[in-house]
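Engineer: Take a look at this one; I'll ask things after.
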Ligand code: NDP
């Protein structure tokens with residue numbers, strides 16, 4: 001894999017965004033936590049504090065990673081790694097990689113998800129471990145994750161250089177790019193322990209569900225009851241994460257796993273950004289028990305579930321179409337398609353099918369619309385007193401618009417004239433008829 005392939009944006013923009021993400025994301029995570037937990041969710045309050053106290057103010061509120069935080073992270077990570085390795089699951093082959101490899105996975109995500117939540121709730125129910133401890137040490141946990149995940153990304157960088165797991169690896173010749181975008185596509189420990197499945201799915205996505213439940217329990221134990229806003233938020237986030245694990249083997253075909261290599265961008269994001277930022281609407285609701293009333297609560301819940309279902313159905317449609325080699329029905333009809341050939345980095349000619357009907361005929365990345373709307377619906381129970389709970393929706397919108405462009409550029413390079421035929425047939429990138 002050459003340096004050109006890594007520079008997914010103009011080089012200068014890539015360096016600028018890399019360096020700013022590396023330096024700005026960690027303090028942002030801490031400031032978001034501080035604002036949600038200690039400043040009433042008010043950005044203005046935190047801003048005033050920082051204006052008065054400057055850089056020292058940030059240092060003062062930055063929690064030190066305590067022994068309790070490390071213990072919680074270590075137990076959780078070891079538990080998830082053990083479930084990933086030991087639980088039974090169907091053997092699943094990933095898509096052909098750029099170097100022509102076919103990684104093999106064990107599909108035991110749903111089982112791991114159920115065991116995790118049942119164990120967590122069981123520990124609480126039987127009085128063995130109270131999840132409110134996690135909430136009470138959240139700042140220290142995020143602080144430890146920031147540091148620990150950074151060290152983990154250095155390990156990935158060194159492993160990519162000295163002991164790559166497959167031929168899908170290599171250096172761009174630039175230290176920053178190698179560290180940021182990663183060096184290996186499928187790093188593994190031994191034969192079976194896939195590091196990206198661990199970081200992205202079993203640590204990151206799983207922590208989303210675990211923290212959603214934690215926030216619920218914290219609100220319940222603080223106020224003696226659960227607000228309907230917290231209930232709607234938690235149910236929608238859990239439906240989303242359940243959908244994720246139900247579809248986990250499909251996720252192994254997406255950009256995150258099949259195209260983006262294991263570096264700071266993906267791994268640090270999944271180890272720190274997902275637990276802290278993705279869960280933040282629930283974090284806000286813990287000490288803002290908004291009451292929506294039955295009608296509004298049900299309306300938001302149904303709208304959110306519908307969006308999550310449509311997002312799932314888009315992914316399912318594409319994967320079913322690929323799995324059956326186009327021999328399936330899409331919205332009740334034979335699918336319309338393009339047979340697109342391409343050349344792998346080893347010079348072999350292969351072909352892929354591109355679906356051009358159903359959801360994939362509306363826009364090339366229509367599935368991002370229900371993804372963004374779903375996130376809006378699990379945030380809107382917070383109503384509109386503060387902006388911060390909406391940060392995730394804004395961030396997600398920027399991420400997915402950028403991702404659609406990155407994916408289009410990659411597919412254009414991969415499929416050449418066939419991608420142009422697709423773009424002529426389906427001209428909209430995300431929003432049908434508008435963008
Ligand atoms: P996709 O699942 O859309 O995967 C993109 C790949 O699909 C392309 O690179 C191409 O790969 C193939 N493809 C593109 N067009 C077609 C077509 N018409 N027919 C068949 N195959 C096609 O991308 P994402 O990984 O972005 O999204 C997966 C899911 O994850 C979505 O539900 C998305 O909303 C969600 N997501 C959530 C995020 C979050 O932070 N909450 C972030 C990112 C995604 P190939 O090389 O195989 O042809």
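Just so it is clear, glycine is given a Cβ too, placed from its N, Cα and C backbone atoms.
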Engineer: Between 187-207, 208-228, 292-312, I'd like to know which one TrEMBL lists as transmembrane segment.
Structural biologist: 292-312
Engineer: Which of these ranges is annotated transmembrane segment in TrEMBL: 91-109, 167-185, 262-280, 319-337?
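Structural biologist: Checking TrEMBL against the ranges 91-109, 167-185, 262-280, 319-337, the transmembrane segment one is 262-280.
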Engineer: Which listed range (12-34, 229-247, 262-280) shows the maximal number of Cβ pairs under 8 Å with respect to the transmembrane segment (110-129)?
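Structural biologist: If we count Cβ pairs closer than 8 Å to the transmembrane segment (110-129), 229-247 scores highest.
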Engineer: Per the 3+ Cβ pairs under 8 Å rule, pairs at least 6 apart in sequence, do the transmembrane segment (141-158) and the transmembrane segment (12-34) touch?
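Structural biologist: The answer is yes, given that the two segments have at least 3 Cβ pairs within the 8 Å cut-off.
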